[in-house]
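Novice: I have a structure I would like to understand better, so I am pasting it below and will then ask my questions one at a time.
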Amino acid sequence: MTLSAPSDALVIAGKPYRSRLLTGTGKFKDLDETRLATEAAAAQIVTVAIRRVNIGQDPNAPSLLDVLPPDRYTLLPNTAGCYTAEDAVRTCRLARELLDGHNLTKLEVLGDERTLYPDVVQTLKAAEQLVADGFEVMVYTSDDPILAKRLEEIGCVAVMPLAAPIGSGLGIQNKYNLLEIIENAKVPIIVDAGVGTASDAAIAMELGCDGVLMNTAIAGARDPILMASAMRKAIEAGREAFLAGRIPRKRYASASSPVDGVIG
């Protein structure tokens, strides 16, 4: 299983997690596939779009909680589909009511339907309101290092910069900005959006990200269960490579075999 060692836990809002792979619950063909993919990913935190997924809003419809029970998983309600701070705050309050006072939430305030980029002004506004209201906010944002630091200073418990547009599968487009965010952060930095395959996830972890959240890369794969397993292994490999420390890049060769005692 892709689980960090106990001494290398991902800590969010004071709670340790062994898995650094966070998964979404949308786009799967049914709830059973959602469950199987989540298990294959060994995810402990799963995000839920409150405006799109039933977690009790409709008592007559199948509920995600039937396959991903809160006593086994940390549910991370998100505000996907919100375009204003007001809508996002209202959605978070609804989620807290449905989940019996659960305060951990993923804030998304989108700027437009074509790019699904975050509206940074509305995101800042919503983050301030939610933190003041007692929420533990994990926030989706652009890869702007200044904005990421500002969201941390507001009190967000994790900052989640995009690697590329949501659902694009383009992979990490700006390593420099991500490194700037990581090096200056005192809260977990979790790549959110844009991952397409296992190598993208590994690169994010090799850069020093604390985790990766993904949905489309798994749910949209030809074999979602197998891809979830691949992502789990990639996260583990990338994290171990980061901790091990890569060798520096050089322009010239460096022999790997010792030269002492060479014949001739």
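Backbone N, Cα and C atoms are what each Cβ position is placed from, and that goes for glycine too.
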Novice: Among Gly155, Gly167, Gly245, which residue does Swiss-Prot annotate as binding 1-deoxy-D-xylulose 5-phosphate at the site that also has Ala193, Gly194, Asn215, Thr216?
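Specialist: Between Gly155, Gly167, Gly245, Swiss-Prot records just one in the 1-deoxy-D-xylulose 5-phosphate site with Ala193, Gly194, Asn215, Thr216, namely Gly167.
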Novice: Output the one of Gly167, Gly194 that, of all these binding-site residues, has the highest number of other Cβ atoms within 10 Å of its Cβ.
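Specialist: Within the set of binding-site residues, the most crowded position is Gly194.
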Novice: Determine, for the 1-deoxy-D-xylulose 5-phosphate site, the additional residues of the same chain whose CB lies within 8 Å of the mean position of the CB atoms of Gly167, Ala193, Gly194, Asn215, Thr216; present them in sequence order.
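Specialist: Counting only non-site residues, the set is Pro165, Ile166, Ser168, Gly169, Val195, Met214, Ala217.
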Novice: Please report how many Å separate the Cα atom of Thr216 (1-deoxy-D-xylulose 5-phosphate binding site) from that of Lys106 (active site, schiff-base intermediate with DXP), as a whole number.
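Specialist: Thr216 (1-deoxy-D-xylulose 5-phosphate binding site) and Lys106 (active site, schiff-base intermediate with DXP) have their Cα atoms 17 Å apart.
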Novice: What residue among the binding-site residues Asn215, Thr216 has the most other CB atoms lying within 10 A of its CB?
Specialist: Asn215
Novice: Could you tell me the maximum Cα-Cα distance in Å between the residues recorded as binding 1-deoxy-D-xylulose 5-phosphate, namely Gly167, Ala193, Gly194, Asn215, Thr216, rounded to a whole number?
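Specialist: Binding-site diameter by Cα atoms for 1-deoxy-D-xylulose 5-phosphate: 10 Å.
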